[in-house]
């Protein structure tokens with residue numbers, strides 16, 4: 001026995017395939033889909049789960065063989081019809097008349113338009129209630145039986161794949177609520193199911209069917225067809241009062257509305273209507289009704305010319321009535337699909353949703369086309385195609401920059417906004433119910449306590465910032481800086497007695513070299529007060545102005561320290577005058593900026609400078625913070641210590657940081673294992689405004705990353721991972737090289753673009769960041785060469801760095817770090833170039849020279865000599881030979897040449913293929929010597945022409 005599929009069994013039981021699959025899964029059977037096959041025991045188990053459905057199904061087939069058409073009427077005998085008679089009470093008057101007189105009875109009962117049109121034959125057929133009388137039921141019964149046999153006229157109901165699914169459902173509709181029989185046209189506009197249901201509802205009992213059959217199987221089918229049924233809601237056709245007009249098919253205008261189908265005309269009541277030829281088919285073919293009453297049905301339907309056509313398009317019957325239109329009419333589904341396709345804009349052969357030009361789409365940095373597609377509910381592949389037609393090439397998962405998204409958004413009518421890093425960080429923390437700003441706003445005065453001011457020392461390189469801090473701290477940091485310039489951010493806290501009270505002050509030292517712009521900006525961001533150091537002998541310099549702009553942008557009060565007043569040529573008044581141009585007016589000039597003249601070398605006026613800082617803090621700032629909460633702050637600097645691992649210098653801005661707290665700083669996370677102050681002494685807690693070194697992080701955070709204490713390690717890890725993914729995507733988008741379609745073929749042909757790959761390793765993260773920014777700003781004036789930093793990190797050069805450099809053919813730059821001995825041997829063996837620097841500008845100069853060396857050589861034309869043609873010799877073997885005399889320079893064989901005549905070039909980019917002195921071959925011929933010159937296939941040579949030879953020489957790059 002063949003295995004049964006789930007959907008076949010579902011049809012047999014009268015349930016949906018989905019219900020069957022669900023039920024089987026509930027019963028513990030593994031079923032993947034409705035097309036799965038199941039064994040006999042499983043079939044039995046499902047049948048047992050639906051005993052009622054199985055019984056109903058069994059009963060239906062039993063009744064079907066007797067009379068498919070009659071089964072619908074449900075009352076071939078008067079007995080069954082009697083109980084149903086009360087339901088169609090309104091139709092009772094019409095059926096009371098005998099079959100022959102049915103037309104007369106139908107006329108008064110049926111609607112005005114239908115009554116006159118209904119013929120005698122159609123009357124008994126269409127009237128459901130009218131068919132109920134026992135005598136009528138008996139009369140139609142034989143007709144139906146006879147009709148079943150002669151059904152050769154057309155395919156069985158339901159077998160026609162082009163039918164609109166009326167045939168089969170109608171034949172069985174009277175049996176009970178059963179799904180449409182197999183064979184329904186899946187492309188029909190969904191009339192099949194409703195029809196079957198209508199026959200089963202109360203308004204179309206099976207009783208009337210027999211009566212209808214009496215008049216003729218086909219008419220009965222037509223009349224009893226689910227389509228014209230009275231229950232049809234919203235159908236403004238005469239078919240609505242069906243009960244009364246049952247006896248006469250003419251009462252059913254639906255058939256009349258059916259479209260013309262010349263292939264099956266049914267004249268009079270002969271073929272379909274009158275003849276019992278289609279009893280069973282009647283139900284499935286509403287069109288049969290009109291045919292039954294040839295003349296009657298058609299006029300009732302609105303008088304279409306070809307009355308009696310048994311079959312008509314279902315939409316003509318149920319939709320807008322009218323003859324000859326159903327054949328071309330499309331289903332609602334098809335129309336809807338066409339409308340959607342028409343409304344969807346197309347670009348490059350794909351349809352994508354468009355905005356109205358004002359729709360704002362927010363994307364994170366480094367988003368891909370897939371992310372954008374999710375926002376606008378589009379197919380990523382379609383957006384890739386659109387971008388391709390706009391001249392940009394990208395994959396669906398490739399991180400794109402803001403310009404590319406702007407181009408795509410403008411084309412599709414969207415305004416794309418790339419979320420700023422600050423907003424991105426805020427949205428990320430919101431996912432973990434952390435909102436730092438709300439925490440600060442919710443704090444009242446009762447929980448705030450005074451904290452130390454954070455002071456940043458800024459200024460131009462070599463103006464004495466670090467020496468000034470040495471004087472304040474009584475230490476000697478300058479001696480430890482390479483090249484005498486600061487390349488790190490240092491943070492220290494001192495205690496100073498001010499007005500008889502000990503006050504703590506936190507100092508942050510920033511680099512002054514131009515490469516450390518990011519560090520200076522970071523220092524201004526975290527500070528309360530800025531000390532602007534200006535050398536009295538140099539005056540205002542570029543980095544002085546930049547530091548001033550950073551401080552003013554951060555809205556930070558500024559105290560000016562005029563340093564080196566002990567030096568010859570010092571002119572503090574000149575400095576004051578210069579700074580006045582930038583909005584810093586000294587108090588003695590009527591302004592509000594405090595100027596203090598100091599000498600860091602001689603320790604002059606250091607206390608006065610500290611007092612000025614504290615006075616400014618007390619007057620202009622509210623320096624308070626809440627120490628009784630989880631710590632929040634910023635990582636000022638970080639490095640990888642060989643013995644202690646990742647070490648981060650953090651500044652606590654609010655709350656209290658304690659040993660054992662779980663923190664996350666940028667992409668690093670971990671538990672605080674130990675804390676140290678600037679002197680290397682261990683601390684247990686760090687209060688607001690306290691800089692400390694933290695041990696225990698998973699990796700080295702970047703300088704400037706915010707840090708916060710989290711409830712548990714899991715939260716810290718998740719925040720760090722999300723930050724890392726966002727940073728990686730942003731870096732990929734930034735690194736992406738945009739190549740237009742116009743340049744793509746050329747780039748491929750030329751081996752694309754020369755790239756210098758670098759791996760940067762440094763001792764602290766801030767220095768590595770500054771070095772990377774400075775290197776990426778190098779411009780050699782040619783887009784054919786680009787610089788790419790494929791990896792950067794903090795700590796010594798490792799074996800993994802060498803392996804990466806080997807694969808990507810990269811150069812390793814070590815900044816204040818060295819490789820281990822084994823790593824150096826591996827690099828030598830693999831041929832990896834490693835460079836080591838301790839001063840940043842030396843690294844910048846070397847990389848710039850390397851980039852210039854990678855540039856494609858530029859060539860210039862250098863003239864070798866000229867020759868005048870005296871005579872032309874014709875040769876069948878070599879072509880025309882120019883007998884010439886060399887006027888200037890040298891004529892060389894295989895050199896490039898051009899021919900000029902009367903000052904006009906007539907042949908260019910030629911080659912001197914043959915060069916002879918008389919009959920001997922020559923390599924070169926000098927001035928005032930005669931020679932024979934052959935230019936290959938170029939034969940347009942006349943006497944008096946000038947042959948000029950030249951070569952292309954490489955032009956040195958400046």
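Using N, Cα and C of the backbone, Cβ positions are placed for all residues, glycine too.
The GTP binding site annotation in Swiss-Prot covers 459-466, 509-513, 563-566, and the record cites sequence analysis as its basis. The Cβ neighbour count for residue 459 (GTP binding site), using a 10 Å radius over every protein chain in view, is 28. Secondary structure at residue 459 (GTP binding site), as computed by DSSP, is strand.
Sequence annotations record features per position, and here Swiss-Prot assigns compositional bias 'Pro residues' to 75-95 (among others).
As annotated by Swiss-Prot, compositional bias 'Low complexity' applies to 140-161 (among others).
Summarising the annotation, Swiss-Prot assigns compositional bias 'Basic and acidic residues' to 195-206.
Summarising the annotation, Swiss-Prot assigns compositional bias 'Low complexity' to 209-221 (among others).
If you look up Swiss-Prot, you'll see 228-241 (among others) marked as compositional bias 'Pro residues'.
Per Swiss-Prot, compositional bias 'Gly residues' is recorded for 268-325.
Feature annotation from Swiss-Prot assigns compositional bias 'Basic residues' to 326-335.
The domain 'tr-type G' annotation in Swiss-Prot covers 450-621.
The region 'Disordered' annotation in Swiss-Prot covers 67-95 (among others).
The region 'Disordered' feature in Swiss-Prot is assigned to 111-355 (among others).
According to Swiss-Prot, the feature region 'G1' maps to 459-466, an assignment based on similarity to another entry.
Residues or ranges marked as region 'G2' by Swiss-Prot on the basis of similarity to another entry: 484-488.
Annotated region 'G3' per Swiss-Prot: 509-512, in sequence order, evidence recorded as similarity to another entry.
Look at Swiss-Prot and you will find 563-566 tagged as region 'G4'. If one looks beyond the region 'G4' (563-566) by at least 6 residues along the same chain, the residues whose Cβ comes under 8 Å of a Cβ in the stretch are 463-464, 468, 533-537, 572, 597-602, 604.
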> Just counting, how many other CB atoms are there within 10 A of the CB of residue 565 (GTP binding site)?
Replying inline: 18
>> DSSP on the region 'G4' (563-566): how many residues come out helix, how many strand, how many coil?
In response: 0 helix, 1 strand, 3 coil
> Taking the Cβ of residue 462 (GTP binding site) as centre, how many other Cβ atoms lie within 10 Å?
Replying inline: 18
> Per-residue pLDDT averaged over the domain 'tr-type G' (450-621) comes to what?
Replying inline: 82
>> Using a 10 Å radius around its CB, how many other CB atoms surround residue 510 (GTP binding site)?
In response: 27
